[in-house]
């Protein structure tokens with residue numbers, strides 16, 4: 001690990017679209033300059049795919065910095081933790097030769113995801129579908145119900161695992177409530193107390209050595225001159241407050257939550273890097289103004305889907321694909337206060353004869369230049385496009401701006417101009433070395 005260029009200089013990485021922007025690769029690349037990486041929201045519904053020397057590694061809950069020797073990995077209080085999944089992820093990494101337990105620290109304040117959260121999540125989606133209401137598109141991993149318990153002040157937290165009697169009492173009360181919902185409203189089967197409690201006590205013994213006061217550790221890292229990287233999950237347009245509600249996730253995915261979700265002040269967030277695909281994708285339901293049809297071979301949508309290998313890391317579901325939506329990007333820049341952008345998957349556009357970018361919308365006979373807040377209005381939006389000539393040369397693996405095809409550079413320059421934020425990095429392939437650096441987040 002190289003020394004940080006500026007003592008205590010912290011970087012926040014957030015997705016600016018509907019997730020799957022390629023944050024994992026960028027975080028892994030930036031970790032060269034970080035002493036620690038922090039997850040601050042979401043759960044194991046978030047997939048982070050890293051490709052290192054041609055080998056693909058998929059992470060869901062553990063910070064992407066785990067693939068770098070000597071880097072501390074923190075799971076902040078804003079994350080909901082499924083202990084069984086977490087241990088499974090640890091075991092898979094350690095079986096592959098990655099040391100995890102000595103470097104992973106989990107906030108005691110994290111809410112727990114337990115089996116009844118998963119069952120409620122799945123039963124709700126099934127009920128929505130059968131009633132004709134339409135799915136929200138959750139991953140079915142219990143994330144939403146766990147956050148509901150947190151907000152209702154009844155959640156079991158990681159710290160409760162240290163106190164078996166307290167855990168048992170709270171679990172009985174919580175299980176009674178969720179069984180009432182499962183049986184009475186969702187027409188699903190109730191769960192039994194003993195297996196849930198016994199399993200929790202078993203995993204508790206394995207997790208206890210990794211429990212920590214994450215906020216204090218981050219503060220001490222900065223005081224010692226170390227830099228910290230805050231790794232966001234999902235994307236801004238899935239944020240519970242600022243996304244395309246109700247087709248959103250259950251947490252705040254924006255940069256401001258890096259402070260609240262890890263236990264530090266906002267003054268610790270020095271540089272905000274937004275990750276943006278050179279086009280747009282979305283998994284699951286919800287409005288998507290620049291979406292393209294993908295089924296027909298030879299179409300742009302099919303090209304983006306197949307060349308981009310657009311399937312969800314966690315669910316395996318095909319991602320919906322479309323042109324870059326600069327008007328939606330403007331909303332993300334406004335919310336996050338971005339310092340700079342990293343454009344990913346530029347290489348997927350190689351070979352297209354024409355490239356389009358959504359620069360605004362027509363809504364009820366008027367032109368608007370930023371994504372509306374109302375999901376029904378977004379559905380009614382007709383995108384306004386600018387067109388660009390494509391390029392025939394390959395951008396795969398390019399590491400210098402001047403080596404990009406001229407039309408690729410012109411496209412990126414126009415993206416930068418329309419959205420009003422500087423492009424500081426460009427990703428030209430899945431491997432960490434496939435990166436063009438224009439301004440370093442740890443030096444800018």
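Glycine too: its Cβ is placed from the backbone N, Cα and C atoms.
Features as listed in Swiss-Prot:
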- 19-25, 47-49, 319, 345-347, 427-429: GTP binding site (BINDING)
- 20, 47: Mg(2+) binding site (BINDING)
- 20, 21, 22, 23, 45, 46, 47, 48, 139, 153, 234, 249, 317: IMP binding site (BINDING)
- 20: active site, proton acceptor (ACT_SITE)
- 48: active site, proton donor (ACT_SITE)
- 313, 314, 315, 316, 317, 318, 319: substrate binding site (BINDING)
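Of 20, 22, 25, 346, all annotated as binding-site residues, the residue with the shortest Cα distance to residue 234 (IMP binding site) is 20.
Nearest in space to residue 316 (substrate binding site), taking C-alpha to C-alpha distance over the binding-site residues 25, 49, 346, 428, is 49. Between the C-alpha atoms of residue 47 (Mg(2+) binding site) and residue 317 (IMP binding site), the distance comes to 12 Å.
Of the recorded residues, residue 318 (substrate binding site) and residue 428 (GTP binding site) place their C-alpha atoms 22 Å from one another. Between the alpha carbons (Cα) of residue 22 (GTP binding site) and residue 319 (substrate binding site) lies a span of roughly 14 Å. The separation of residue 25 (GTP binding site) from residue 45 (IMP binding site), Cα to Cα, is 18 Å. Of the recorded residues, residue 49 (GTP binding site) and residue 317 (IMP binding site) place their C-alpha atoms 15 Å from one another. Mapped onto three states, the DSSP output places residue 318 (substrate binding site) in strand.
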